[in-house]
Amino acid sequence: MGPLRSVVLAGGGTGGHIYPLLAFADALRRHFPQIRITTLGSPKGMENQLIPAAGYDLRSIPAFQLPRSLNLDLLRTPDRMYRSAHAAGEIIDEVEAEVVVGFGGYVSVPAYLAAWRRELPIVIHEVNVPPGVANRMGMKFTKRVAVGFPHQLEQAEALRNARLVGVPLRTGITHMDRPALRPQALYHFGLRPDLPVLFVSGGSSGARTINLAVAAAAKRLAHAGIQVLHVQGGRNDPFEVPNDLPVPYVVVPYLSDMQLGYAAADLMLCRGGAITVAETTALGMPAIYVPYPFSNQEQRRNALPVVEAGGGLLVDNSELTPDWIERNIIPLARDRQRLAQMGTAAAGYGRRDGDEQLLRFVLEAVS
Ligand SMILES: CC(=O)N[C@H]1[C@@H](OP(=O)(O)OP(=O)(O)OC[C@H]2O[C@@H](n3ccc(=O)[nH]c3=O)[C@H](O)[C@@H]2O)O[C@H](CO)[C@@H](O)[C@@H]1O
């Protein structure tokens, strides 16, 4: 077949749906420099900041609410869904899309519906177990489903026959030489080169429990000689950190250059969002995972295989206290040998070619 000329990518809500979409868009552009890439998003999601900043065309389609569980009546009845699908269809027609690739988030549903009506190939990329509601609806319209992780094939009936491609990750992360970037990253954040750095990030929206627990442990960490680089997260309230600490504790609201954070870090404390896990493992970053407790165990499932492989630790949200941090994180952050072993184990689980593998799958769909 000839080069791909026009593709619609749908996905939105939080970073977990948007960053893989952007990484995939970059892969499309690398292979097909003339390609037209159109992204579909919702009026209020984080895509409105992230996608234009990355230089891609974002079209907003009217919002509607998806129920938390799958309900096919939704596709038959409400006007709002049809309005959204109609808007998605007009965009698909206008750009003469050859394929629709969806990454989840409720905005994907009208895109799937409109593509199905036009008999266009649809490819779904799913990173969670259980799969998100939007993608489960999409699976009514296509069998071309790609997943990010091996455990998804075993743990979700709906994903049993999916293709394992990995997660498209930004090349700034997958091609990063961490040791080479480290001095620049430390300088950028005002961190010292002689002391370990704990990198704290609760995912794209931030995590209140993690933020408060680490901030409350600030003095103990500092007196143990551990520096902290703490990303508050896009949707979280500020928190207080004492300002007379003997070593740096740097708080940033959000990192658009996440690779700088990874480059500065010796150890990460994070949630278990799928893209975060894909990134820490691709980088061989030792991590302590604190899964978000209110989402069907999906984050625990993401982190467990890495932890079982020796690439990190798992702690319940309710157990993450300043005392736990003192007992577990302080000795670990100072133990270079153990960190190196954990990093090697994490890297053994990680993959860096999710963008290329998904592209191959999409090309099969359009051929
Ligand atoms: C609470 C919840 O339901 N979270 C879900 C959400 O997480 P969330 O949206 O937090 O997504 P992930 O943790 O999977 O990924 C976060 C992404 O944001 C990036 N980042 C984060 C902070 C920052 O300052 N800068 C930055 O670039 C990370 O590098 C990563 O690429 O989507 C994931 C993927 O569907 C799911 O697995 C998670 O369960």
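Heads up, the Cβ atoms here are built off N, Cα and C, so glycines get one too.
What TrEMBL records for this protein:
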type	residues	note
BINDING	Thr14, Gly15, Gly16, Asn128, Arg170, Ser204, Gln299	UDP-N-acetyl-alpha-D-glucosamine binding site
DOMAIN	7-146	domain 'Glycosyltransferase family 28 N-terminal'
DOMAIN	197-357	domain 'Glycosyl transferase family 28 C-terminal'
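Taking a C-beta cut-off of under 8 angstroms and a sequence separation of 6 or more, Asn128 (UDP-N-acetyl-alpha-D-glucosamine binding site) has the following same-chain neighbours: Gly104, Gln152, Ala274, Glu298, Asn302. Among the record's UDP-N-acetyl-alpha-D-glucosamine binders, Thr14, Gly15, Gly16, Asn128, Arg170, Ser204, Gln299, no two C-alpha atoms are more than 21 Å apart, and one pair sits at exactly that spread. Each residue in the domain 'Glycosyltransferase family 28 N-terminal' (7-146) gets a DSSP state, and the totals come to 61 helix, 25 strand, 54 coil. Counting every protein chain shown, the number of other Cβ atoms lying within 10 Å of the Cβ of Arg170 (UDP-N-acetyl-alpha-D-glucosamine binding site) is 20. For the domain 'Glycosyl transferase family 28 C-terminal' (197-357), the model gives a mean pLDDT of 96.
Sequence-distant contacts of Ser204 (UDP-N-acetyl-alpha-D-glucosamine binding site), defined by Cβ-Cβ distance under 8 angstroms and a gap of at least six in the same chain, are Thr14, Gly15, Gly16, Ile18, Tyr19, Met46, Gly233, Gly234, Gly273. Cβ neighbours within 10 Å of Gly15 (UDP-N-acetyl-alpha-D-glucosamine binding site), excluding its own Cβ and spanning all shown chains: 23. Ser204 (UDP-N-acetyl-alpha-D-glucosamine binding site) carries neither a helix nor a strand DSSP state and counts as coil.
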